Protein chains: 2
Amino acid sequence: MKILVAQSGGPTAVINATLTGVIERARDLGYEVIGGLHGVEGILESKSVDLSTLSGKMLNSISHTPGAYLGSCRYNLPQPPDGVYDVLFNFFNSNKIDAFLYIGGNDSMDSVEKISKEAQRRKYPLLVGGIPKTVDNDLVETDHCPGYPSAAKFLNVIASEFVVDSMAYSKPVICIIETMGRDSGWLASSLKMVEKIVDGLKVMILIPELPVSEEKLLDTVNDMKSPLLISVSEGIINEEGKYLSALETVDNFGHPKLGGAGEHVATLIEKIAKVKFMNPAFSQRAATHIISEVDYREAKGVGAAAVDTLAEGKNAFFVGIERVQASIGYSSTIRIVSIDRVANEVRKVPESLFENEFIDYIAPLIGKLPKYAFRR
Amino acid sequence: MKILVAQSGGPTAVINATLTGVIERARDLGYEVIGGLHGVEGILESKSVDLSTLSGKMLNSISHTPGAYLGSCRYNLPQPPDGVYDVLFNFFNSNKIDAFLYIGGNDSMDSVEKISKEAQRRKYPLLVGGIPKTVDNDLVETDHCPGYPSAAKFLNVIASEFVVDSMAYSKPVICIIETMGRDSGWLASSLKMVEKIVDGLKVMILIPELPVSEEKLLDTVNDMKSPLLISVSEGIINEEGKYLSALETVDNFGHPKLGGAGEHVATLIEKIAKVKFMNPAFSQRAATHIISEVDYREAKGVGAAAVDTLAEGKNAFFVGIERVQASIGYSSTIRIVSIDRVANEVRKVPESLFENEFIDYIAPLIGKLPKYAFRR
């Protein structure tokens, strides 16, 4: 079997671990693997690379490198039929590709489904599988997505450092942090954990699932005691459904200001309290220096499982992660589902995980967090 | 001997390591140590804490905790004579304080000098010492300041992750990062190291020591090839001596924008290229999760050395770090100097360290950095 593997969408700290999981398992099973460069977009330009010469040491280095080793793209395949599929299947055919594995998020799973359907229509013998990757954690049919636990770990560590640092001064200050998450609040919600790290801290979570009333927000903040951390998902909306990041605000110096959602919230709140703001930006998805061990293991695991699933001759599948319910410790297992159940679905944070319940969900994925000794 | 120790100014990732260095050495020598809370400001309100009951395990935890364990302040003592010194020396007297150690940056060293002079004027038998702490690294009479190496390490790690992450897409992008450093470019300059981590990358350094011409900057960027990282010190000025952070700019959507120096540079450059911007903000000084080992060791070392210097009966001193010139490896030694040589001086990055020479200066302070395996 000859497998084409490619990466798509925003990188995560472990997307390359998944790639090496694919390569290593394929080698174990005697399969050939080539890499498509810059996802489907690059494959359409016949850009590919031989992965057979990479040493074990090199694969280990790749698995701990940020970014996407094969390059990524933000490209959505058109609805078939379309001329691009002629180009794509011409590439598959001339390179004798038997299987295509795509490591990506929502858009990539849509591409997987389209390619799979088009292969059937063309009667081209191609097995296609989607492997999850997204710090947004918003794919359905999986307990969580590789990349998310590491992003959540990084955020929890720097947010707790941020809060403890801010407590050095005698005047109370409200810490505000913006997290990734345009359509869902998984990353912002993960910061509820900081309450467990920093004793006495209250964490307020603002997520797209819960529209924000600016007036009520100010009232709530007014009623709350310091120390307070406000975790703001970049995609929060107001009660009219408008992104807060798209609203102009006026800062304390009278300057009109247009920034991200977190900056918007910070500018609002600094009218009634002292605030400190930070946006960890790309570090959330790139921080390979502090990945979650569970995440790294599972990221390699879903890559390997995808190859195993190809070996079973399955097609049009998605590699999900299922949490094993156990009384002690955390473990997970692979759950293969049909790709059509995943493509074009966005998983929001369910009400059952709002607030404190989120801690039970996220804690085992992050693993060990620092403990601090501080005075208040 | 009864020692009063306090912390002042912006915390660093190792300011608490210095505190524990003081406490541990004092215990070894049989001295009593109490902590002044929130620096001189809190001491003036008689706020102090007994440090004798802290266990060894607790001290170890404190040394790895961000923020300032004793609390900090941004308070400058007035020129003596002034009524506040009556309050201050009343505290010293009623608490039978024999010595005062102040862990801080430029302003704190000024306070140390003032207190020392005032003690002499009052003939109060007080030994006073200043212990360096600042991520800005701008104290004179020391090779570097504790806190700076860890901040530089964190910045280098996240900047290299940022750059490698950005290389995932086929379109070239210019990465821009803002660092702390209002008066000097030590932190921004440290990112020259990223050229060593990310093969083929060019790093442009913008620091307060070198006024920026916006026109020339755009020309230079235009002439440079990707990948490019621009490291922007928050305190950069233009040729008229104005802070770039105070200048309004207009973004690609026509919105007037007023942000930090890095944002200003990003808004300028996005007119001619695709840019990605991040500001690690408080994480630079709070990232205890990735401290430099050299920094931690030296931070404890300057604390211990301050107590040793008190034991020798010295007064009005500053604990500097001297780099030992050796052909192999890095080592340093303590260098005690008179506080009046340090107070109110700001050390700028010297011309001899501009560009590549900076790497020899910073590399041994940071220690081991990650290696990545990526394609370009």
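Using the three backbone atoms N, Cα and C, a Cβ is placed for every residue, glycine included.
Under the heading active site, proton acceptor, TrEMBL lists B:D136. For B:D136 (active site, proton acceptor), other Cβ atoms within 10 Å of its Cβ number 28.
Using a 10 Å Cβ-Cβ cutoff, B:G10 (diphosphate binding site) registers 23 neighbours. Under the DSSP three-state reduction, B:G10 (diphosphate binding site) is assigned to coil, being neither helix nor strand. As annotated by TrEMBL, diphosphate binding site applies to B:G10.
Feature annotation from TrEMBL assigns Mg(2+) binding site to B:N106. Under a cutoff of 8 A between CB atoms, and with a sequence separation of 6+ in the same chain, the neighbours of B:N106 (Mg(2+) binding site) are B:T134, B:D138, B:L139, B:A343, B:N344, B:E345, B:V346. According to DSSP, B:N106 (Mg(2+) binding site) sits within a helical segment.
Long-range neighbours of B:M180 (substrate binding site) (same chain, six or more residues apart, CB within less than 8 Å of its CB): B:V135, B:D136, B:A151, B:L187, B:S233, B:E234, B:Q284, B:R285. DSSP assigns B:M180 (substrate binding site) to coil, not to a helix or a strand. Annotation comment: TrEMBL describes B:T134, B:V135, B:D136, B:M180, B:G181, B:R182, B:E234 as substrate binding site.
TrEMBL lists B:2-309 with the feature domain 'Phosphofructokinase'.
Residues annotated as site 'Important for catalytic activity and substrate specificity' in TrEMBL: B:D107. Sequence-distant neighbours of B:D107 (site 'Important for catalytic activity and substrate specificity') (same chain, 6+ residues apart, CB-CB distance under 8 A): B:S8, B:G9, B:R74, B:N76.
Sequence-distant neighbours of B:K133 (site 'Important for catalytic activity') (same chain, six or more apart, CB under 8 Å from its CB) are B:Q7, B:G9, B:T12, B:V14, B:I15, B:T18, B:I103, B:G104, B:G105, B:S108, B:C145, B:P146, B:G147, B:A299, listed in sequence order. The site 'Important for catalytic activity' annotation in TrEMBL covers B:K133.
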Message = Between the two most separated Cα atoms in B:T134, B:V135, B:D136, B:M180, B:G181, B:R182, B:E234, the residues recorded as binding substrate, what distance in Å do you get?
response = 15
Cβ neighbours within the same chain of B:G181 (substrate binding site) - under 8 Å, at least six residues apart = B:D136, B:L187, B:A188, B:I207, B:P208, B:S233, B:E234, B:G235
Task = Note the Cβ centroid of B:T134, B:V135, B:D136, B:M180, B:G181, B:R182, B:E234, the recorded substrate site, then list each other residue of that chain whose Cβ lies within 8 Å of it, in sequence.
result = B:G10, B:N137, B:D138, B:T179, B:D183, B:S184, B:W186, B:L187, B:S233, B:G235
Key: Overall pLDDT for the domain 'Phosphofructokinase' (B:2-309), taken as the rounded mean   = 95
Query = Which whole-number value in Å describes the distance between the Cα atoms of B:R182 (substrate binding site) and B:G10 (diphosphate binding site)?
reply = 13
Other CB atoms within 10 A, centred on B:V135 (substrate binding site) = 31
